[in-house]
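Engineer: Attaching a single structure in structure tokens format; questions to follow.
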Amino acid sequence: METASTTVGQAFGNYQLERELGQGGMGTVYLAQDSGLHRQVALKILRSDLGDDPSFAKKFLEEVEVTASLAHPNIIRVFTLGEQDGRLYLVMEHLDQPSLENRMENLAKVSERDVLEIGLGIASALQFAHEETGLIHRDIKPGNILFGRGNIPKLADFGLAAGARSAQGQQDEIWGTPYYVSPERLLREPEDIRSDIYSLGATLFHAIAGRPPFEAETAEEVAKRHISDRPPPLRSLCPEAQEQTVI
């Protein structure tokens, strides 16, 4: 994977890389300056090996094209995609607030009101995408929920997980974030919007309860519990939760 020392300062198309924002399984995200429109954007450079995989590149381009058509206040906007020196990159809306994952790391529990507002916003995004394009997210987790002005929750990496699965292997992806994965994914069954709703529910449960619905010593054991167990009652972990809050 590229490092900040080898890429910061370089230009990808009209975008000048300023600093690294984070790394993930598919590549590295940078803060970049759009020299044409004079604005800051988030630019994700995919791993070099992904560009060498024709099946991944095709799937990636197809899904990004669909994702870019989604205009919804709770979905991160995709501006463009490109390729330079064999590297695929994606240019997106930049948000400078911490992700839900960051908030959960800094707080023992996220407030019930905030969690419910996040849930309503992300559920609205999922419904919109499904009704407009049939697209599902496939990788809902705290790190993919960001925040815009006014604390508006926004879903990132919409539709990109399908390409990631074909490129890095389904099991590797599951073990990377086992706390939120749907039973359909684990059983290798067809996924639909209900799979996204399950992952969103697991994410919100973790945020409000201070721990994920299922815990175990290994990722494999966590995965098995998603299939065989029921989560503990929310109020057993968060007694102050309102009775009508059902996650």
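Quick reminder: no glycine exception, Cβ is built from N, Cα and C everywhere.
Residues or ranges marked as domain 'Protein kinase' by TrEMBL: 15-247. TrEMBL lists K44 with the feature ATP binding site. According to TrEMBL, the region 'Disordered' annotation covers 219-247.
Provide an account of the burial state, proximal residues and distances for the features listed.
Structural biologist: Within the model, the domain 'Protein kinase' (15-247) carries an average pLDDT of 88.
According to DSSP, K44 (ATP binding site) sits within a strand segment. K44 (ATP binding site) counts 23 other C-beta atoms within 10 Å of its own C-beta, drawing on all protein chains shown.
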